[in-house]
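Visitor: So TrEMBL has the following annotated:
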type: BINDING; residues: Cys255, Cys321, Cys322; note: Zn(2+) binding site
type: DOMAIN; residues: 15-336; note: domain 'Hcy-binding'
Amino acid sequence: MGTSDVNANSSSSSLVKEFLHKCGGVAVIDGGFATELERHGADLNDPLWSAKCLLTDPHLVRAVHLDYLEAGADIILSSSYQATIQGFKAKGYSIEESESLLKRSVEIACEARDVYYNRCRESSADHSTDGKVLKQRPILVAASVGSYGAYLADGSEYSGEYGDAVDLNFLKDFHRRRVQLLADSGADLIAFETVPNKLEAQAFVELLKEEDIKTPAWLSFNSKDGVNVVSGDSLSECAAIGESCEKVLAVGINCTPPRFILDLILSIKQVTTKPILIYPNSGESYDGIRKEWSNTGVTDEDFVPYVNKWCEAGASLVGGCCRTTPNTIRAIHKSLSGKRTV
């Protein structure tokens, strides 16, 4: 289901409600992107991280999107999390080239969706013999917008500590043009991801209003203690910012260890009536200085029991973030298949 399949005048809430209804009550979000790009052979040792492949290996970006669609994802996120005009300019690209690359991130995701639908039409069954999910179903493309900390590429999206010089107006000005471009790129929605503090959440919400953004959005925070967002700001207060904005269609948590998610869902439920989205990382910890993941994460087999509990607690959009894979998403899809109402 692209934008054309949804009434263009529908409110944000009706879009997601209609989509979830068509998905049987629960939708599956894709998983970690950078890990999969590296598995396909990409070198991401760069401040642009996964956005580097928009420049060097766009075919790999498309391949990863397809991997997740064939694993059962109903929502795929563009490879623009760490793609910013400022970041591209620092690499020597013009403003025009930088803006074109941002739009290209969404175009590639939409192309992958088209290729997937073609494969579904060519298949005689919903599942092929090699275990791929080939099923005509609603699929949304979300334009990923990472936090200011993601642009800094120093791990500060995991602390939310931007310094006193970074205020509300600074953050709005930093994100403004990128949000405008991605809103007009053909994406079905905008995914504000790994939001580490209340200030940046407020900046995103005010941008949606100030620029009269028509494309609906979701707002997703991260936590390292299962109580607050990573900056120490109250999760309830952060989620309430999303609840207050009619252009925000869902609120939730990403890139957070699975063991914290259940309590976070219960906290969010107290302040929002909107769908709750959950896409945790594998449970490993990230060293922003060394740019390495450490410790042992949750296996795909152990991830699934968590998912069932999250959905019972109120989550209706579920997937994975860093270090999760198409195998993780396939396991989630399989687990939820029997619980969906269609």
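Cβ atoms here come from the backbone N, Cα and C positions, even for glycine.
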Visitor: Within 10 Å of the Cβ of Cys321 (Zn(2+) binding site), how many other Cβ atoms can be counted across all chains shown?
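Guide: The answer is 25.
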Visitor: Would you count the other C-beta atoms found within 10 angstroms of the C-beta of Cys322 (Zn(2+) binding site) for me?
Guide: 21
Visitor: Using a 10 Å cut-off, grab the number of neighbouring Cβ atoms around the Cβ of Cys255 (Zn(2+) binding site), all chains included.
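Guide: A count of 25.
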Visitor: If the Zn(2+) site is taken as the center of the Cβ atoms of Cys255, Cys321, Cys322, which further residues of that chain fall within 8 Å of it by their Cβ?
Guide: Gly32, Thr194, Asn222, Asn254, Thr256, Tyr279, Pro280, Asn281, Ser282, Gly320, Arg323, Thr324
Visitor: What mean pLDDT does the predicted model reach across the domain 'Hcy-binding' (15-336)?
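Guide: Mean model confidence (pLDDT) across the domain 'Hcy-binding' (15-336) is 92.
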